[in-house]
Amino acid sequence: TTEGKVIKCKAAIAWEAGKPLSVEEIEVSPPKDHEVRVKIVATGVCRTDEHAINPSFKEGVFPVILGHEGAGIVESIGQGVSKFKPGDKVIPLYMPQCGHCKFCLNPKTNLCEKISKIKTPISDQEVMSDGTSRFTCKGKPIYHFMGTSTFSEYTVVSESSLAKIDAAAPLDKVCLIGCGFSTGYGAAINTAQVEPGSTCAVFGLGGVGLSAVMGCKAAGASKIFGIDINKDKFPLAKKLGATDCLNPQDIRKPVQEIIAEMTNGGVDFAIECIGNPDVMKAAFESTTVGWGTCVIVGVAVGEQSIPFSPMQLIMGRKIKATFFGGWKSVKSVPKLVSDYMAKKFDLDALVSHTLPLDKINDAFDLMNAGKSNRTILVF
């Protein structure tokens, strides 16, 4: 047994910004009080992982083990842990749910005060609660990422950053519930609160955007526009529920004007899944005056602003944003896994590539070239 011992294993380390990740042997310490050590079985690669090593993101810390969309099996537990035992299937949660802070006790939000830097959550939780790391490589401590660090064969997480899931769940699919799927699907269901018979537009058809399309369809939308500059994304978007797909580069006028023409003045709901302020503006302007709602999902790196006029708000449009799709994580993730097992939605369609950890830089290249929806790394 490895319980109580340091584990040597492989992990992908980001040593500095703008450089490829390096797969190295690391040491993972045993879990301390209220911590759990998890053997990661599969992890998705998300745009947010790329943001964290982007030179324009000034909050990044190095060296760091990225990854926040994983699934695995509990290897051992620290003192005081009662909800988990070795062998449990689990999903690490970058959005913790402690269950007793002012946010956890309020049904209006899924935030938790354990995310201490609510200003820039993707640079948060880079050490454990005692201020130290559980990872070392070549004698150096390595930072954690978002409290999860799933680009490692073993990771250590807080017990409030972990959900126990169905023992029969396929970890190489349900890992997507750790971020991308839940974020997009929840943006439609929870944050936008898409209504039956409504019209929707989803900007950006990567893994998150395709999940938002699924959410709009599940909520009963009658028309769902999928917008992307990569037309290779359109066939899958249509399979998952998009009724119309538009490429802004093929249109002579702004896409929001085309959408307004096709919907008698604009859609009821728009969801931006890219993280580009100009696209956020287009999404907002594609909604109808009177009651249009725009939900921002994409993470914009650095000091950027959305350029729109306050007058557009006076005319009854609303702009909202979402983090982890509005799901209270510990409570909702097991239910989402059960819904997947009951075939209420199709995660398998989102997985375009499966690669070993050693090929992690290929996964980033595929994502940056727009050639993947979601790549899963299997250990």
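Just so it is clear, glycine is given a Cβ too, placed from its N, Cα and C backbone atoms.
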C46, H68 bind Zn(2+) 1 per Swiss-Prot; candidate in C179, C200, C216, C245 listed for that same site: C179
Candidate from R134, R374 that Swiss-Prot assigns to the same NAD(+) site as G204, L205, G206, G207, V208, G209, D228, K233, V297, G298, V299: R374
Cα-Cα distance linking C46 (Zn(2+) 1 binding site) and G206 (NAD(+) binding site), given in Å to the nearest integer: 10
C179 (Zn(2+) 1 binding site) and V297 (NAD(+) binding site), Cα-Cα, nearest whole angstrom: 12
Nonlocal neighbours by CB distance (under 8 Å) for C98 (Zn(2+) 2 binding site), same chain, sequence gap 6 or more: C104, C112, E113, K114, S160
Euclidean distance between Cα atoms of T1 (N-acetylthreonine) and C101 (Zn(2+) 2 binding site), Å: 36
Chain-internal residues, separated by at least six, CB under 8 A from C46 (Zn(2+) 1 binding site): H68, E69, C179, G180, G207
